C-alpha cells in the first residue's frame, strides 16, 4: 500500500499531471451534469383510464374494470392491481415489482388491453394507458390570465405558447390545462324535432355522412392526375346549417331548420384560475439527462418574447418554477463547502497552516472526482445526491487528515521531508484503506435496497461512495506528493504553540482519565453499556417514520364534494379556498383547478383525473420555515374546515415513494353495502384517536341515479334498433362529435350535436326525445319507464376484490407511527364478518417493506465490516475491540434525535449507517497503532496509553471537521437533511470521547497478553 505514496512522491511530474486532469474532469462534469430537484428513477406503475359517459359505477366495474383487470392479471412480476370505478370513469393502476423492466411491462399492458379493446363497450370515448414516470413531473407551470378574452382567443394564445415551448431543447412534453375548447355547436331544437317526430340521431347521422372525408378515386386528364372528393370537412357554418337531413315531396329538411349552428365554447370540465382570475395553465417536463437551468433559461427567453406580443387584456404569469428549489439546494452545497474549508483550516491549525493547506486541497479534488463519477454513472445532481455530497464533506477529509498528521509527526521527529512523506503514508496506509473500506461497506448495501425507497435514495449512497473512494485515492497519492512539496522542511519537535497546548491538555486531562479506565476496565465497559441501554429506551419516544416532509414551499389543497355534485358547486368551494389562501400571510400565489387535479408538479403525487366533484389548489409560499410554517398551515386548515359538506385536505409534500396517505386502513370483501357499513365504523374509530385529521371515507354517501327502465318487449315490437335509446339520450344530454370543421389555416374544430345548454340537464328535456324505429320515430316515453334508484358512488378494488380504504393524516406534533399504532389498537373492537379482511396501508405498509430491506442491508453491512476487520487484524479479539465502539456513537445519535424532535426515519437510519462507518474508522486507527507498538516490543498497558495519546489528536480533528461540516445542515431545519446530520453529530460527540476510554479498556480485557514481534504477512512494521 505504501508503494502508491512512494510512487506519487518520486514521480511527482506524473502525479501533478494526473492531479490537473482530475480537477479539469471534475469541473467539466460539474458544469454539464444534469440538474433536477428529485432523482429520476423508473417507476413500474401503469395507469389505465377509461371513460364511458352515462355508465354508473356498477356498469363501469362490470363492463370495463373487470375485463381490463382480467387481461393484465396474468402478467409476470405483478405486485398488485388497484382500481376505482366511478360515474362514467374507471381508473385501473397496475403495480409491478420494482425490479422489473418498466418499459417491457408497459408494452405488455398495452398489448393485453388492446387485445380486449373490441370487447369493451362501443360507447367508450377514451382509453388512455400511461406510464407513471418521475421524469414526467412538470418543472414549470405557467398561467395565461384574462377576465375579458374570448375562449377562442385564449385557446389560440395558449396553443401558440405551447408550440414555442415545445421547441426549447430538452423539453419532453408541453400540455395545456383548463383550455376552453372551441367547437361548432349544433344546438338541437328538441321541441321542433318532437313536432316533426324526428329523432336527434337523424341530424347526427346526416352531418356525419356529409362531413365524412374519404378518398373515392382519381381521374386523369392528359398528363395530370386529379383526386376526386364528393364530401369532406365543413369549411363554413353555412355548410353545416345547409346539410340536408331528409327530403320529401320536393322539400328538403335541413339542419338549420331544427337546430342553431354557431361557434361556442365547450361546456367546461376543467376550470382553472390564477389568484382567483380565469386562466389557462401551460406545463412542461424535461427529457432525461437534461440541465434544468438551461431549459429554464430557454423557456424564459421564449416567455419574454411572447409576453411582448400579448394584448393588454391577457397577462402571463410564470408561476411554478422547480429550478428555484434546485438552485437553493446547490447554493446550500456551495455554502457548506465553503464552511467545510474554513473549518478544516481552523481545526488543522495545530498542525500548521501548510498542513491545513494540504488537507484543504483534498476537499475540492475529492468532490470533483465524485461529481465526475456520478455523471459517468448516469445520475443527476438532485436533492439526494446533493445530500450525499454534503454528508461526504464531513467524511472525505478524514483520510487526508490522518495521513497529513502522520507525515507531520515524522517531520517533527527529524525525518527528511520526502522520506517523511513516504514513511508516514506507508505506516498508515493499511489502516487508512481498512478504515475507508469499512465506511464504504456501511453505505454499499444501501445501493440494493428494495422497493421505491431504494430507488429514491440510490443517488445518495452512490455520491457518498464515489466521493469517499476519491478521498482515499487522493490521501494516498496527492497528499503525500503535496506534503513532500508544501510542508516545512524543519518542523519543531513539539510542533507550533497551538499543538503544544493541545498535547499538553491531552496529557494533563486525558491521560489521568485513561489511567482510571484502564485501572477498572470491566467497570468502564459496564458503564458504557448502561449508557447505551438508557439511550435505546428513548427509541419508543422518538418514534418511527418512513420519510420526512419535503422542504418545499409549495402546498396542494384537495377539495372533494359528495359524488353527484355539479361542477358549479365544486367551483364555489374552490373559490372559497382561494379567498382563504389569499388571506394567509406569506402566500406568493395560488393556482386553482375545478373538475380535475392540478397538473403533476411533484414526483410522487399523481393528479386526479377528470372529476366534477374534485378540485385542487396549488399554493406557493414566499419561503418555508420548518419552525413557523406548520403553525400557519394549521391555521389555514382550521379556516378551511368551516365550509360545510366539503372535504378539504391541505397536503404538505412528502419525500419518498408515493403513498395514498400517512394512515390508511383497507378492508376487502364482496358486498358493497357491508363495506359501506364497515367503512363508517372505521371512520368513527379513526376520528376518535387523538392526532388524526382529515379522515376520508370514500363510501360516506350514496348516489341517486335515474334508471330509464327500457321496456325491451315494446322496443322490439316498434323496431327500435339496439343501442338507439342510449344514443338518443346521450345526444340530448352529452352530445356527440359527428364531423370536423377545418379553417383555411388548417385548424380543425369538432362539430358537436347536442341539446342547448339550458335544456341538457333538465329532466323535462327527456320528454321531447324521440328514438328511431322501423317505421320512423317514437317518443322516448313509449319504450321506457324512468325511476330513481340508489347506488354506490364508487367501487374500489384491490387485487380484483372489492375494497374500501379509509385514509387519514396526522396533526402537527404527532408521530404517524404512534398514531397508527393507537388506531390499530382501537380497531380491535371492530368485528369483521366472515369473508372480510383488514390490512394496513399507507406509511406503515411502505415502511414495513422498506425497513425489511433495510434490515437485510444492515446485516450485510455488519458482516462485511467484520470481514474487513478480520482480514486486517486476523484476530477476533481485535475485531471485537474495534466493533465495540458502535454502541457509543448510537448513544449520542438517539439523544440527538430525542432532543431535536426528529423521528427515526429513513434518512436518520442512513445517518446511523454513516456514523457506524466513521466510528469504526476512528477505532481502527487506535487499535492498529496499538498493535504496531506492541509488535515493536512495547508493553501492553504502555502501548495502549501511548496509542491513546498519539492517536487522540487525528481522531479528534477528523471528528471535529465532520461535526463542523454537518452543523449547517443540522441547523437548517430540513426534514430530509437535518435528522441525518443530527444523528452523526450527536454520535460523534459521544463516540469521540467515550471511545477514547472504552476502546482501550476493551483492548486491555480482550487482547493477548503476549504479542509476536514479527508482523503477519501483508502488514507493515511501524516505520517511525
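Cβ from N, Cα, C; glycine included.
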Matching range for TrEMBL feature annotation, transmembrane segment, among 386-406, 407-427, 428-448, 491-511: 428-448
Annotated transmembrane segment segment (source TrEMBL; candidates 977-999, 1000-1022): 977-999
Two-stretch contact, the transmembrane segment (513-539) and the transmembrane segment (977-999), at least three Cβ pairs under 8 Å: yes
Outside the transmembrane segment (356-374), six or more residues from its ends: residues with CB under 8 Å to it: 19, 22-23, 25-30, 33, 337, 340-341, 344-345, 348-349, 381, 385, 389, 392-393, 396-397, 399-401, 404, 459, 462-463, 466-467, 469-471, 473-475, 478-479, 482-483, 486-487
Cβ contacts under 8 Å made by the transmembrane segment (428-448) with residues that lie 6+ beyond its boundaries: 1-2, 4-5, 395, 398-399, 402-403, 406, 454, 457-458, 460-462, 464-465, 468-469, 471-472, 475-476, 856-858, 860-861, 864-865, 868-869, 872, 910, 913-914, 916-918, 920-922, 924-925, 928-929, 1018-1020
Tertiary contacts of the transmembrane segment (906-929), as residues 6+ beyond its ends and Cβ separation under 8 Å: 387, 391, 395, 398, 402, 430-431, 434-436, 438-443, 446, 453, 457, 460-461, 464, 545-548, 655-656, 850, 854, 858, 861, 865, 869, 872-873, 878, 881-886, 888-890, 893, 897, 947-948, 950-951, 954-955, 958-959, 962, 976-977, 979-984, 987-988, 991-992, 995, 999-1000, 1003
